[in-house]
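Read the structure below first, then the notes.
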Amino acid sequence: MSPASPSTAPASPARFIPLIVMLLTPLFFSSNLIFGRTTIPEVAPFTLAFLRWSAAALVLSPFLWPVRARARTYVATYPLHWLTLGFLGMWICGAGVYYALQFTSATNGTLIYTTSPLMVIILERLFFGRATSAREIAGIVVGFLGVAIIVLKGDLGEIGASSFNLGDLMFIGAALAWAGYSVLLKGPRTAGLPVPALFGLVACAGALLLAPFALAELLAGARMPVTAQAWGGIAGIVLFSSLLAFSGYQYGVARLGASTASVFMYLLPPYGVGMAVLLLGEPFRLYHALGILTVLTGLVLATWPKRRR
């Protein structure tokens with residue numbers, strides 16, 4: 001028998017590692033909702049975001065030491081790029097999201113926030129000339145439909161009746177910020193830095209930008225967390241919602257590209273529903289099952305490898 005051709009040879013298990021990481025990453029992001037239930041009511045938005053990212057930066061600091069020369073070169077050469085990543089990913093998508101939830105529902109926020117994959121494709125096409133296939137576009141549209149089914153409880157007619165307020169507009173800004181963060185992560189400026197080191201640098205930038213606003217909240221009378229439950233929630237946010245979630249996402253962007261990695265964020269609502277059912281005792285409805293199946297269909301459409309001829 002002749003040797004198998006490259007097109008028919010079995011795939012290496014290593015090629016599935018980025019996909020496995022990106023299947024778990026939205027689960028870690030979704031944990032923010034569970035921990036936030038007991039933390040956000042006790043802690044002001046910028047204070048919580050500052051505690052979150054300063055703790056993350058401290059935990060990641062050992063990863064910076066072996067590549068300190070490259071890290072210093074990156075910050076000195078591209079300070080605006082470094083601060084922009086911190087502003088988009090930690091300031092807007094951290095404190096900004098916590099603040100927006102005071103004005104709008106989680107349903108509206110989730111639906112708006114998950115438009116970020118569409119914005120990633122638009123940004124990559126505008127600034128990098130990325131070609132986009134009809135199948136990728138179809139996958140994103142189908143995935144968005146699945147998200148809509150879940151957050152609108154199966155009644156798609158309600159989407160036109162949704163009213164937009166300050167919180168809704170802030171979530172539109174957060175979705176655009178997340179798209180910009182995703183696109184800026186991958187490129188020659190950050191190529192020489194390992195994922196943990198880059199994440200540590202960006203967390204430092206986020207904490208630096210959040211510090212003045214957290215201080216202003218404290219001077220205005222905002223409380224620091226005082227209960228064990230609140231500190232436990234912050235620890236969960238730091239470990240799962242920050243360290244594992246953002247590291248996994250940055251790894252996915254580096255290996256799969258921003259557009260493909262961002263599509264996996266459509267799994268946020270299904271994971272959120274699952275944790276709410278298992279951990280909070282909320283009921284599981286038919287529209288949940290239909291929405292999750294639709295999301296997974298869109299995910300397969302957008303990320304399935306192209307056939308080699």
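Glycine is treated like the rest: Cβ placed from N, Cα and C.
Computed from a predicted structure; not experimentally measured.
Per TrEMBL, the features are as follows:
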DOMAIN    19-151  domain 'EamA'
DOMAIN    166-303  domain 'EamA'
TRANSMEM  16-35  transmembrane segment
TRANSMEM  47-67  transmembrane segment
TRANSMEM  79-99  transmembrane segment
TRANSMEM  111-128  transmembrane segment
TRANSMEM  137-154  transmembrane segment
TRANSMEM  166-185  transmembrane segment
TRANSMEM  197-216  transmembrane segment
TRANSMEM  228-249  transmembrane segment
TRANSMEM  261-280  transmembrane segment
TRANSMEM  286-304  transmembrane segment
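Fewer than three CB pairs closer than 8 A are found between the transmembrane segment (286-304) and the transmembrane segment (228-249), and contact between the two stretches is not assigned (pairs 6 or more residues apart). Break the domain 'EamA' (166-303) down by DSSP state and the numbers are 115 helix, 0 strand, 23 coil.
Within its own chain, the transmembrane segment (228-249) is flanked in space by residues 21-22, 24-25, 28-29, 31-32, 34-39, 42-43, 48, 51-53, 55-56, 59-60, 89, 182, 195-196, 199, 202-203, 261, which lie at least six positions past its ends and keep a Cβ under 8 Å from the stretch. Touching of the transmembrane segment (261-280) and the transmembrane segment (79-99) is ruled out by the presence of fewer than three CB pairs under 8 A, sequence neighbours closer than 6 excluded. Sequence-remote contacts of a segment are chain residues at least 6 beyond its ends whose Cβ falls under 8 Å from one of its Cβ atoms, and for the transmembrane segment (137-154) they are 107-108, 110-111, 114-115, 117-118, 121, 263, 266, 269-270, 273, 285-288, 290-303. Residues 39-40, 90-91, 94-95, 98, 193-194, 196-197, 199-201, 203-204, 206-207, 210-211, 213-214, 217-218, 222, 224-225, 234, 237-238, 241-243, 246 of the same chain lie 6+ residues outside the transmembrane segment (47-67) yet bring a C-beta within less than 8 angstroms of a C-beta in it. With DSSP classes pooled into helix, strand and coil, the tally for the domain 'EamA' (19-151) is 115 helix, 0 strand, 18 coil.
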